[in-house]
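Everything below concerns the one structure shown next.
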Amino acid sequence: MMERAMEQLNVHLSRLTRSLRRARTVELPEDNETAVYTLMPMVMADQHRSVSELLLNSKFDVNYAFGRVKRSLLHIAANCGSVECLVLLLKRGANPNYQDISGCTPLHLAARNGQKKCMGKLLEYNADVNICNNEGLTAIHWLAVNGRTELLHDLVQHVTNVDVEDAMGQTALHVACQNGHKTTVLCLLDSGADINRPNVSGATPLYFACSHGQRDTAQILLSRGAKYIADKNGITPLDLCVQGGYGETCEILIQHHGRLFQTLIQMTQNDDIKENMLRQVMEHVSQQSDSHYQRILTSLAEVATTNGHKLLSLSSSYEAQMKSLLRIVRIFCHVFRLGPSSPNNGNDMGYNGNKTPRSQVFKMCVRQMDVETIQKDGCSWTGSPFLDPLELLWHSLDEWLVLISTELDRNRKNPSSSSTSSSEIASLLLKQREVDHSGSTPKLPSSLDRQIVMETEAYADGEDVISMTASRLSAVIQAFYMCCSCQMPQGMTSPRFIEFVCKHDEVLKCFVTRNPKIIFNHFHFLLECPELMSRFMHIIKGQPFKDRCEWFYEHLLAGQPDSDMVHRPVNENDILLIHRDSIFRSSCEMVSKSTNEKLKQGIAVRFHGEEGMGQGVVREWFDILSNEIINPDYALFTQSADGTTFQPNSNSSVNPDHLNYFQFAGQILGLALYHRQLVNIYFTRSFYKHILGIPVNYQDVSSIDPEYAKNLQWILDNDISDLGLELTFSVETDVFGAMEEVPLKPGGISILVTQDNKAEYVQLVTELRMTRAIQPQINAFLQGFHTFIPPSLIQLFDEYELELLLSGMPEIDVQDWCRNTEYTSGYDPQEPVIQWFWQVVRSLTQEERVLALQFVTGSSRVPHGGFAYLMGGSGLQKFTIAAVPYTSNLLPTSSTCINMLKLPEYPSQEVLRDRLLVALHCGSYGYTMA
Amino acid sequence: MSETYDFLFKFLVIGSAGTGKSCLLHQFIENKFKQDSNHTIGVEFGSRVVNVGGKTVKLQIWDTAGQERFRSVTRSYYRGAAGALLVYDITSRETYNALTNWLTDARTLASPNIVIILCGNKKDLDADREVTFLEASRFAQENELMFLETSALTGENVEEGFLKCARIILNKIDSGELDPERMGSGIQYGDASLRQLRQPRGNTTQNKQQCNC
């Protein structure tokens with residue numbers, strides 16, 4: 001009894017000692033669930049001795065599955081690469097093909113994690129390599145996904161079907177191709193994998209390789225004879241390459257299937273393909289060799305030509321063909337500008353860094369040659385064979401324009417021919433039609449093949465060819481301009497194009513007059529070429545302000561690389577650090593330290609000693625800085641007679657740095673406009689004209705000297721022949737206390753002002769007072785302004801609009817306006833016409849109200865303190881409405897110097913509204929003396 | 001995505017005003033007669049994929065205006081055409097007399113190899129006939145043209161005209177007389193030609209050289 005107790009104690013003790021020495025339990029618990037969690041960490045660490053010891057006398061079931069995914073210890077060992085434990089478990093009868101809840105065997109896990117030794121042992125113990133998990137994946141799929149070629153090589157000998165499919169019909173080859181594991185792909189192919197095997201959606205290994213741009217893999221497949229097969233939706237490997245922008249892979253496809261080149265070219269017509277991807281691909285292919293470059297350009301030119309011709313077919317969809325043509329031409333120009341790859345670089349695939357500079361040099365040579373050729377021949381590109389197909393299109397364009405010119409002549413010669421009246425109506429209708437047409441984006445089914453939409457029936461015997469073809473021809477002209485420009489160094493307008501515009505001047509003007517939208521849609525060349533722009537300026541100015549604003553900013557920001565990226569991280573060094581107490585000087589310093597390019601990209605301002613940053617601070621900076629610019633202490637600007645507007649001070653030279661400051665002021669104003677920030681300055685009308693380069697007139701004088709302006713007005717209004725004024729073309733001025741006779745023009749002192757030349761006199765005197773006196777200041781200001789705003793762009797606006805652009809739309813309080821309005825010539829506030837007028841004003845948009853205010857007062861601003869303080873030519877002058885007898889079609893007029901609206905006694909609110917709007921939109925700028 | 005075809009041929013339809021060019025095209029593409037057809041302005045476009053001798057061919061057809069005022073515009077579309085339908089009106093001798101001019105235009109401006117089929121249209125108006133079948137077929141023979149009398153109204157011979165023209169071009173390609181790879185041939189390979197025409201590029205040039213011998 002005692003002995004047995006002792007013995008038990010000894011066993012217990014020795015077990016305790018062993019346990020303590022090993023720092024673990026030495027006997028497996030009875031139940032499998034507890035036991036397995038004891039063993040698992042040991043298996044993971046491959047502590048095979050301990051495991052072996054524990055298993056020795058236990059009844060543990062080695063196939064016991066546990067955990068959420070129901071794996072056995074063999075799974076654990078295989079997964080972790082615990083090869084000794086794995087063998088131990090196998091020896092103890094673990095089932096090598098035991099599948100967990102997802103159907104994975106230990107072999108799957110070993111394959112997935114690349115446990116080479118475990119795989120070997122599992123195979124020794126007859127693990128089945130062909131078992132699929134629940135997704136249909138086998139061990140070779142796992143190896144293929146991860147590119148474990150060596151293991152695959154061992155395993156594949158045991159595989160009965162190397163093309164075993166997963167649930168999606170994907171074989172190991174598919175997944176290897178998708179991931180671009182070259183050696184794995186080779187190994188699978190060598191083991192007899194089916195190179196053209198489609199998965200359930202019809203995708204082949206080549207398709208997979210292309211979908212991920214695996215160039216080398218595609219190369220291997222193609223050189224082993226892979227077929228070029230589309231999937232069940234008709235999507236081809238080439239489509240995938242283009243969608244992904246995989247130029248290298250495309251190139252490989254084309255190398256093996258030469259015909260795909262044409263397919264690639266045809267893709268430029270497909271609206272669904274992203275243009276940048278396509279361009280990327282074309283770029284790559286074109287840079288393979290000289291002949292690639294030429295072939296791409298020639299083919300693109302051919303497609304462009306066909307598209308251009310289709311666009312000129314009246315039955316085609318304008319919208320679709322126009323987009324297609326311009327897209328192709330854009331790609332063409334892009335490739336053309338790249339220049340051919342340098343000849344000894346052909347096999348290099350363009351990877352090395354040296355390539356760019358070299359081809360750049362080559363490109364420059366070509367450019368130089370082109371320019372010379374053009375200059376020599378006037379208008380032909382003898383050196384560029386790939387432009388040849390496009391010449392057909394340009395030829396057609398030319399013929400079309402000649403034809404239209406003939407039509408114009410014909411219309412002009414017999415304006416009263418029998419058909420005129422009816423055809424005029426027809427042409428009006430057609431014009432309407434054309435507008436509807438281009439506006440509503442006809443979504444014709446793209447299966448244009450079996451269908452030819454002959455709309456011509458509806459057209460009246462081709463009478464108005466012009467309105468039917470104008471937008472189509474304009475789009476082709478745009479394409480022509482793009483092609484001409486891409487042959488020229490940046491910023492130069494092609495002589496050929498200029499010649500073209502000159503030749504077809506009349507027709508182009510006719511197009512634009514009929515449908516001015518064309519300018520915005522297609523005649524982009526105007527902005528890049530001032531000499532051409534001036535021809536169309538009057539038409540451009542007639543376009544809605546809003547459209548011109550959009551156009552302005554579109555072109556202003558066009559050159560900026562990241563103009564669409566609003567939130568760019570700000571470089572600490574680029575922050576303008578401004579001192580509030582010396583805002584003018586510190587701003588001047590900071591801006592001059594920065595570069596124009598940086599300032600264009602974005603402005604970040606921080607006030608010294610303050611935390612704040614961001615748009616709000618920028619806005620504040622512009623606001624207070626603009627106030628400082630007109631601070632009388634600097635003597636840069638003087639207040640005009642009306643007290644709210646400013647213009648350069650002719651005596652600003654009291655400040656020795658004044659011209660630098662003017663340049664700075666110009667920069668700030670330009671910068672503000674560039675970034676759509678408003679400034680808190682209003683300039684005189686004449687100074688806005690100076691910014692725009694518009695000549696001033698005598699009425700502008702009233703802003704600095706209203707009395708004198710009246711006198712000039714008087715001279716113009718009255719016959720001066722018999723007054724004996726004895727004026728000459730000169731003025732007396734006070735130069736440092738001495739009176740001096742300054743001639744207005746050479747020899748002016750001895751030229752008398754007469755009734756015949758008085759207008760010239762008034763103009764010259766005006767220029768003297770308004771411009772010549774402050775010419776250096778204006779020049780300095782403009783120098784700064786033009787660093788951010790090109791003169792050609794600002795020309796789009798008149799002086800009133802420039803004010804709105806720079807200083808923003810003022811808020812107009814209609815109630816205040818109404819309260820401070822007087823009525824004369826028979827009107828009183830109870831008059832229906834007056835009631836209607838205010839109702840109409842209330843219904844106007846803010847912009848239209850400003851136009852109305854400008855229309856009557858000549859200024860877009862309400863004075864400080866409201867309408868009660870509205871100024872006229874001589875002191876306070878309230879807004880006044882005067883009655884005018886109504887005759888049909890009579891428009892309202894105004895006398896801006898006395899803030900008077902002459903409102904005809906309209907019969908209804910509708911008529912009043914209609915006439916007022918006509919007057920506002922056509923007549924808020926430009927004066928005629930009424 | 002894109003339709004498949006072996007070849008694309010550029011075709012012209014030319015001839016005097018009012019001979020029914022647009023109606024022929026409409027009949028060919030839509031299989032019906034175009035009522036109230038007006039004068040074509042400039043050049044119209046249509047296309048159809050046809051099956052000729054086991055090959056699919058996309059015909060890209062430019063239907064030109066017959067009126068004199070559009071002449072210089074339409075001429076600018078001629079170059080690079082592989083085939084042409086030269087159309088006259090059997091009820092108008094005037095349109096028949098103009099054929100020589102149209103023919104010269106086509107051969108000088110398009111390509112000397114252009115395959116032209118002469119179509120005497122408005123066959124249905126036999127009562128008003130001014131041009132006999134015999135004299136027209138003699139004209140065709142002298143000028144190496146194929147000849148058909150067609151009716152855009154009933155559709156008679158319309159399909160045949162286009163298909164015949166396409167077939168001859170295909171024959172010329174097979175014999176090597178026409179080289180689709182040459183620029184301005186008016187012929188392009190389509191997507192589908194990949195599968196049938198797997199021969200290396202060198203072959204075609206070899207064929208051509210043999211012919212030239």
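Cβ coordinates are placed from backbone N, Cα and C, and glycine is handled just like the others.
Any TrEMBL annotation is an automated prediction that lacks curation.
Residues or ranges marked as repeat 'ANK' by TrEMBL: A:69-101 (among others). Mean model confidence of the repeat 'ANK' (A:69-101) amounts to 92 (pLDDT, 0 to 100 scale).
The repeat 'ANK' annotation in TrEMBL covers A:102-134 (among others). Panel annotation: around the repeat 'ANK' (A:102-134), residues 69, 72, 74-75, 77-83, 86-87, 90, 96, 140, 142-143, 146, 148, 150-151, 154-155, 158-161, 164, 166 of the same chain, lying at least six beyond its termini, place a Cβ under 8 Å from a Cβ of the stretch.
The repeat 'ANK' annotation in TrEMBL covers A:135-167 (among others). Secondary structure by DSSP for the repeat 'ANK' (A:135-167): 16 helix, 0 strand, 17 coil.
With a threshold of 8 Å between CB atoms, the same-chain residues lying at least 6 positions outside the repeat 'ANK' (A:168-200) that come near it are 136, 138, 140-141, 143-149, 152-153, 156, 159, 162, 206, 208-209, 211-212, 214, 216-217, 220-221, 224-227, 229, 231. Sequence annotations record features per position, and here TrEMBL assigns repeat 'ANK' to A:168-200 (among others).
What TrEMBL records for A:201-233 (among others) is repeat 'ANK'. If you look at the repeat 'ANK' (A:201-233), the same-chain residues 6 or more away from its ends with a CB under 8 A from one of its CBs are 168-169, 171, 173-182, 185-186, 189, 195, 239-241, 244-246, 248-249, 251-253, 255-257, 260.
The domain 'HECT' annotation in TrEMBL covers A:595-930.
Summarising the annotation, TrEMBL assigns active site, glycyl thioester intermediate to A:C897. Around the Cβ of A:C897 (active site, glycyl thioester intermediate), the number of neighbouring Cβ atoms within 10 Å comes to 18.
Sequence-distant contacts of the repeat 'ANK' (A:135-167) (same chain, at least 6 residues past either end, Cβ-Cβ under 8 Å): 102-103, 105, 107-108, 110-112, 114, 116, 119-120, 123, 129, 173, 175-176, 179, 181, 183-184, 186-188, 191-194, 197, 199. Sequence-distant contacts of the repeat 'ANK' (A:69-101) (same chain, at least 6 residues past either end, Cβ-Cβ under 8 Å): 36, 39-40, 42-48, 51-52, 55, 62-63, 107, 109-110, 112-113, 115, 117-119, 121-122, 125-128, 131, 133. With DSSP classes pooled into helix, strand and coil, the tally for the repeat 'ANK' (A:69-101) is 17 helix, 1 strand, 15 coil. A helical conformation is recorded for A:C897 (active site, glycyl thioester intermediate) in the three-state DSSP classification. Note: the repeat 'ANK' (A:201-233) comprises 16 helix, 0 strand, 17 coil (DSSP; helix = H, G, I, strand = E, B).
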